[in-house]
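Quick look at what TrEMBL annotates:
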TRANSMEM  55-78  transmembrane segment
TRANSMEM  90-108  transmembrane segment
TRANSMEM  129-149  transmembrane segment
TRANSMEM  161-178  transmembrane segment
TRANSMEM  185-205  transmembrane segment
TRANSMEM  217-237  transmembrane segment
TRANSMEM  257-276  transmembrane segment
TRANSMEM  296-318  transmembrane segment
TRANSMEM  325-343  transmembrane segment
TRANSMEM  349-367  transmembrane segment
Amino acid sequence: MEFVSQPQPQEHGDQRGNLKDLMIIDNENSDEIVQIQIIHEETNMSTSSETTNKCYLFLLGMNYMLLFIGSISSSLLSKFYFNHKGNSRWVSTWVQSAGFPLLLLPIYSPFYVFKSTHRKPYTNFTPKMLLLCIVIGFFLGLNNLLFSWGNSYLPVSTNSLVLSLQLVFTLITSVIIVKQKITFANLNCVFLLTLSSVLLALGSSHDKPKDLTKTKYFIGFFSTIGAGLLFAIYLPLMEKIYRQVCCYSMVVEMQMVMELSATVLATLGMIINGGFYEMKKEAKNVFDLGEKTYWLTVMVNVLTWQFCFMGTAGMVFLSSSLTGGVCMTALMTVNVLGGVIVFKDNFGLIKVISTLLCIWGFSSYLYGMYKKMEEKKDDSLEKIIIHNEEKNMTTDDA
């Protein structure tokens, strides 16, 4: 006879209380016991996997909600600022990253206030990682400036749908930088969303405000394209860097460094162009809804941009740069509807078709992700069974 000890389950003990801690294996009943062992190990693996998946899905959902709220609110508030005679693109650029001190709360409170972690903030933060965050932060600041130029000239609906072009850029840069695998779902989604943007560009001449010249319109249009291209490079670069990150807390810490760098760039621009004096002047004499509404708009916009960028970073860390890009592009449809409802933007047939294509492409991508997750589950179960069979063959030989 051979004695094989079974580990006592730490959790769900009542559900599996009928399993014995010690099983006696003889040659006659070895096949039955092997099957029990396999089922027992598969149950433990399944329980652990379910717990991990719940935490992962909760964190993923939380970051998508941050992205959802931040993307819609920041886009509408930026347009609100320009619609009510706010005209400083440097102010609009500055508010996108100036809220970085808000990240101090999630960075330091878990260790110093709640005592919920043993990891000190910025542990394992190497000089190389710090340098990369600073450099990428400056590029992020340039992206913010281009976005402000585009948002100041284009209607919010046109601006949002043109930005969906960044998805095709993201697919290309993801293939080059992080070796993203190209699948039918990827290609179909990118094709549909790109077609959506092309249709919008061809029919957007009737969507221009009356006081917007053709020159300014094209400046806004190509500034938005440039912002999409820079952000498409930013996403896979961050995915590659995040592969060296040990936890979600480091993602928040890196995001703070990058936004600090972007704020330095925007602050220099504000100082050189008299942006801070212009901000005071706008609040008192220019903004047509009054000084209090002006500062409230600026402060809320600072907060919503933090939601947007933190949600994006979390999505890239928890999934991939391409998935983050797809989720952002899908929110463009909501931004379009927001622009139509809030600012009475024109919503003609071309925008209807563009919106439907956007929804179709995103749905196709989600279905592809679902199929991929199902395949991974099947592969994991098969590996468990093969591993146990090989282990038991080794035991029999011994």
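Including glycine, each Cβ sits where the backbone N, Cα and C put it.
Counting Cβ pairs closer than 8 Å and at least 6 residues apart in sequence, the transmembrane segment (325-343) and the transmembrane segment (257-276) reach fewer than three and form no contact. Listed by sequence, the residues of this chain that lie at least six past the ends of the transmembrane segment (217-237) yet keep a Cβ under 8 A from its Cβ atoms are 136, 139-140, 142-143, 146-147, 149-154, 159, 162-167, 169-170, 172-174, 176-178, 180, 201, 208, 312, 316, 321-322, 324-325. Across 129-149, 161-178, 257-276, 296-318, 349-367, stretch 296-318 shows the highest tally of CB pairs under 8 A with the transmembrane segment (55-78). Between the transmembrane segment (296-318) and the transmembrane segment (90-108), the number of CB pairs under 8 angstroms, six or more residues apart, is three or more, so the stretches are in contact.
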